[in-house]
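S.K.: I'd like to ask you about the structure that follows.
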Amino acid sequence: MAEIIDGKAIAQLVRQKLAEQVEVLKTKSIVPGLTVIIVGDDPASQIYVRNKERAAQKVGIAHQTIRLAADVTEASLLTIIKKLNQDDQVDAILVQSPLPNHLNEQLVQETISPEKDVDGFNPINIGKLYANRHEYYPVANTPKGVMTLLMAHHVPLRGKLAVVVGRSILVGKPMLSLLEAANASVALLHRYTPDDLRRSLLKQADIVIVGTGIPGLVVGDDLKSGATVIDVGINRLSDGQLVGDVDFASAQAVAGAITPVPGGVGPMTIATLLQTTVELAAQHHQIELADKWQII
Ligand SMILES: Nc1nc2c(c(=O)[nH]1)N[C@@H](CN(C=O)c1ccc(C(=O)N[C@@H](CCC(=O)O)C(=O)O)cc1)CN2
Ligand SMILES: [Mg+2]
């Protein structure tokens, strides 16, 4: 039976470490500031934003949520972002995704200053990640949190085969860059990957990371014995049950270590968002944080 990678527990450790770092910053009169913008009343987004508020307050981050009506114009949203870009109290800006259809999400992300882009979605930061640049820049928090989980469990990456299933800008693409930077060989699979190739790559993979939004896409029979399996999917079934993209029961019998859903990657996304906020605040005040990447 696979070891469970407990994202909830590791997120808690990250938050403890952050609370200590925030205390140190406060002795220098620096209070990290996070502003979250939410447009409309999507119930899941409302919950995530409230959880972010609560988590930020607990570690001592100055947090503000800007709630906008679903029919806000793009011009007003961009004006608000540009004001926040100029506000010295604000170190980190996040626009909750998804946005209503009439708003151009790419334009919105591009308008957030790269220096305050806590999601790491601005093309400047995506480019730096892809280029494996050495200076500090924000990286998308879900894949960054996955790297923390792998490090916390001492999962070897150098020279290993990592297979990433799903090529979203939120998960798959940044995951590819982060794993490659850690010297893994990486294969990125998607809907057009032929079945036999998909099967063959998954069977050889030391690390499997799945983020597609398709419940049960990867099953135990797909995996190599002892593989580390990270399930980034969060799917609500018609009976209300929350499941990932990996069939947990069958995968657990084959894998060496596996994340559950809920309680795996999800809690890490929010803890890592706070981590990136603190890093950005330190960066804005030219302060070196210990353990920048290796937070725990
Ligand atoms: N601008 C952004 N928008 C969105 C992001 C993001 O990183 N930046 N990610 C997701 C939503 N999200 C945070 O925003 C998020 C989703 C899920 C969880 C989480 O803790 N999930 C729990 C289960 C929660 C439940 O019961 O529904 C878990 O997996 O254990 C945290 C954050 C899309 N939008
Ligand atoms: Mg400040």
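Note that Cβ sites are derived from N, Cα and C of the backbone, with glycine treated the same way.
Note that the coordinates shown come from a computational prediction; the quantities given were computed from them, not determined experimentally.
Pasting the relevant annotations from TrEMBL:
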type    : residues                       : note
BINDING : Gly166, Arg167, Ser168, Ile234 : NADP(+) binding site
DOMAIN  : 5-119                          : domain 'Tetrahydrofolate dehydrogenase/cyclohydrolase catalytic'
DOMAIN  : 141-284                        : domain 'Tetrahydrofolate dehydrogenase/cyclohydrolase NAD(P)-binding'
S.K.: Near ligand 1, which of the binding-site residues show up if the criterion is a Cβ under 6 Å from one of its atoms? Options: Arg167, Ser168, Ile234.
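M.R.: With ligand 1 as the reference and 6 Å as the Cβ limit, the list reads Ile234.
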S.K.: Let me make sure I understand the structure: which of the binding-site residues listed (Gly166, Ser168) has the fewest other Cβ atoms within 10 A of its Cβ?
M.R.: Ser168
S.K.: Across all the protein chains here, work out how many other Cβ atoms are within 10 Å of the Cβ of Ile234 (NADP(+) binding site).
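M.R.: So the Cβ neighbour count for Ile234 (NADP(+) binding site) comes to 19.
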S.K.: Given a separation of at least six residues and a C-beta threshold under 8 Å, show me what packs close to Arg167 (NADP(+) binding site) in the same chain.
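M.R.: Once residues fewer than 6 apart are set aside, Arg167 (NADP(+) binding site) is near Lys173, Leu188, His190.
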S.K.: Let me make sure I understand the span of the NADP(+) site: among Gly166, Arg167, Ser168, Ile234, what is the greatest distance between any two Cα atoms, in Å?
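M.R.: Overall maximum Cα spacing for these binding residues reaches 16 Å.
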S.K.: According to DSSP, how is the domain 'Tetrahydrofolate dehydrogenase/cyclohydrolase NAD(P)-binding' (141-284) divided among helix, strand and coil residues?
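M.R.: Secondary-structure composition of the domain 'Tetrahydrofolate dehydrogenase/cyclohydrolase NAD(P)-binding' (141-284): 60 helix, 26 strand, 58 coil.
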S.K.: Report the DSSP secondary-structure composition of the domain 'Tetrahydrofolate dehydrogenase/cyclohydrolase catalytic' (5-119) as helix, strand and coil residue counts.
M.R.: 61 helix, 19 strand, 35 coil
S.K.: Taking the domain 'Tetrahydrofolate dehydrogenase/cyclohydrolase NAD(P)-binding' (141-284) alone, what is its mean pLDDT?
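M.R.: Averaged over the domain 'Tetrahydrofolate dehydrogenase/cyclohydrolase NAD(P)-binding' (141-284), the predicted model reaches a pLDDT of 98.
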